Structures are given as C-alpha cells and as structure tokens.
Amino acid sequence: MLKDIFSKKKKKYASVPAESAKQDVPEGIMTKCPDCKKIMLTKELDKNLRVCMNCGYHLQMNAKQRIKSLLDDGSFEEFNQDMMSENPLEFPGYLEKLQKDREKTSLNEAVVTGKGTIDGSPAVVAVMDSSFRMGSMGSVVGEKITLAIEKAREEKVPFIIFTASGGARMQEGLLSLMQMAKTSSALKLFSEEQGLIISVMTHPTTGGVSASFASLGDYNLAEPGALIGFAGRRIIEQTIREELPEDFQTAEFLLKHGQLDSVVHRADMKKTLGSILKMHQTGGDLEWLEN
C-alpha cells in the first residue's frame with residue numbers, strides 16, 4: 001500500500017511536436033512596426049500608405065507603391081526600365097546578388113524613372129527603391145537619373161526625385177562615385193534653364209546620394225523621421241569624440257537647422273507636391289488656391 005502511495009504515476013497526456021504547435025501564417029501577411037512594435041495586417045498598413053496606425057511611424061515604401069500613391073491614375077509612363085547593371089570590376093558574387101534582387105523586387109535596378117501628372121500637373125519623376133541593393137547608386141542608377149533630368153529639361157517640365165539609399169555602390173568602386181558628379185552636373189544645367197527641381201528625402205538617404213543630387217533641390221522636402229546624412233553616427237562620434245544629439249541626422253533635426261524646407265507627412269505629400277507644381281505653373285499666382 002505504501003508502495004502505491006509513493007510510486008510515481010505516469011501522466012496521461014499527448015506530446016505535441018513544437019513544429020505543429022506553430023500557427024501556419026503566410027509570410028508577409030503581418031508587419032511589425034519598427035518603432036512601437038505593434039503588429040498589423042500588411043494589407044491594412046498598405047492602405048494607410050505604410051504609415052503605422054498606432055504611432056505614425058513611416059515604414060519604407062517600394063518604388064511601385066510610392067508611384068501609385070502620388071501620380072494620377074493611369075498617367076505614369078516609365079522609361080529606361082530595361083537598363084541593367086553589369087560587373088565592370090568583376091566583383092565576386094555581384095551578378096548573383098543583382099539577379100536575386102531582380103527576382104525579389106521585379107525591378108531591374110534601384111531606381112524607377114518616368115513621367116506623369118500629379119493633380120494634373122506634368123513632371124518627370126525618379127523614385128529610388130531601397131529594397132534593391134539598399135538603393136545604392138551604381139553606374140546604371142546614376143545614368144537613369146541623369147537621363148530623367150535630361151528628359152525633364154527637354155520637355156520643360158519639373159523634375160522630382162525621391163531618394164532612399166545607403167549611398168554609393170561599393171561593388172562598382174570609382175565608377176559609382178562618378179555618378180555623384182554626373183547627376184549633380186545634369187541638375188546644374190537643368191537649373192540654369194529655370195527648371196524646377198524637387199527633392200524628397202525618405203528613410204534612409206545617406207552617403208554619396210545625400211552628398212549629391214538629394215540635396216540640390218529648389219525645394220528639399222523629407223518624410224517624418226527619415227535618416228538623412230553622409231557618414232554614420234558612430235563614425236562621427238568616434239572622430240569628434242563627442243556625443244551627438246539623440247535626434248541627430250533625422251529629418252526634424254535638419255529642418256530645425258535650416259537644411260530642409262519642410263517635413264511632409266506621407267498622407268499630405270501628393271497635395272504638397274501638387275500645390276508646388278501649380279504655383280510654378282501660374283508664375284507664383286496663388287489665386288488657384290481659392291478654387
């Protein structure tokens with residue numbers, strides 16, 4: 001009897017493998033906000049222009065999403081979409097990485113260029129996509145942007161650039177750095193002919209892109225919270241041996257120090273751009289605002 005009391009009884013339960021305990025949730029159906037960590041349905045986030053419904057954080061948009069949110073329906077005509085990078089320096093693994101990004105993004109390069117209308121006003125646009133090689137600027141990216149500027153110059157319409165880039169593409173070395181001068185020179189020629197340049201810096205805009213065409217707009221705008229700068233925060237702090245402000249290199253910091261004209265919420269971007277374009281079409285006449 002005592003033996004029965006102190007003997008261990010086998011528990012009656014079924015063991016469930018860890019893998020079967022997981023819920024089968026399709027990849028991409030949910031998105032976590034990088035700021036407040038709230039988990040949202042991706043389709044609802046996309047409907048809200050990829051702005052967090054809880055904290056207002058602006059998540060990254062790809063080029064196609066941005067074009068759809070800004071240009072009038074059916075007005076966008078893409079050009080130079082078949083241009084693709086090669087491997088001039090024979091950098092190991094570069095071609096394989098390019099192909100992987102092409103398959104992932106359905107793009108041939110890190111920038112989409114074309115022409116269309118915003119609230120009825122024509123413009124040539126270039127939209128960078130950070131999901132392709134982190135939006136880095138190589139020879140083809142620089143060439144596509146330069147050709148877009150020349151197209152705007154030829155058709156005498158404004159040029160709008162949306163930047164999202166980690167900087168120059170290291171796999172192309174000096175050829176990549178040359179694009180800084182080429183794009184800047186093209187903008188200079190366009191500006192000398194009274195061409196309107198609008199630069200919209202989105203997260204992130206860094207390195208050689210921030211140090212060239214991204215900062216050369218007649219209007220320099222940015223999205224809230226965008227990281228904008230040349231060198232990284234840690235490198236700067238180690239160089240100057242000082243601690244930088246918490247909001248250093250954010251869009252709001254740059255606006256406060258006179259390096260931006262405005263920080264524009266994504267929901268207001270189309271209206272803001274449309275207003276700027278219409279103002280320049282009317283020679284500064286603001287009567288259209290009353291209509």
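Cβ atoms here come from the backbone N, Cα and C positions, even for glycine.
Per Swiss-Prot, the features are as follows:
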- Cys33, Cys36, Cys52, Cys55: Zn(2+) binding site (BINDING)
- 29-291: domain 'CoA carboxyltransferase N-terminal' (DOMAIN)
- 33-55: zinc finger (ZN_FING)
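For Cys33 (Zn(2+) binding site), applying a Cβ distance below 8 Å and a minimum sequence separation of six or more within one chain yields Ile39, Met40, Cys52, Asn54, Cys55, Tyr57, Leu59. Cβ neighbours of Cys36 (Zn(2+) binding site) (same chain, under 8 Å, six or more residues apart in sequence): Cys52, Asn54, Cys55, Tyr57.
Within 10 Å of the C-beta of Cys52 (Zn(2+) binding site) we count 20 further C-beta atoms, all protein chains included. Of all Cβ atoms in the shown protein chains, 11 besides its own fall within 10 Å of the Cβ of Cys55 (Zn(2+) binding site). Computed over the zinc finger (33-55), the whole-number mean pLDDT of the model equals 97. Within 8 Å of the centroid of the Cβ atoms of Cys33, Cys36, Cys52, Cys55, where the record puts Zn(2+), the same chain has further Cβ atoms from Pro34, Asp35, Lys37, Lys38, Met53, Asn54, Gly56, Tyr57.
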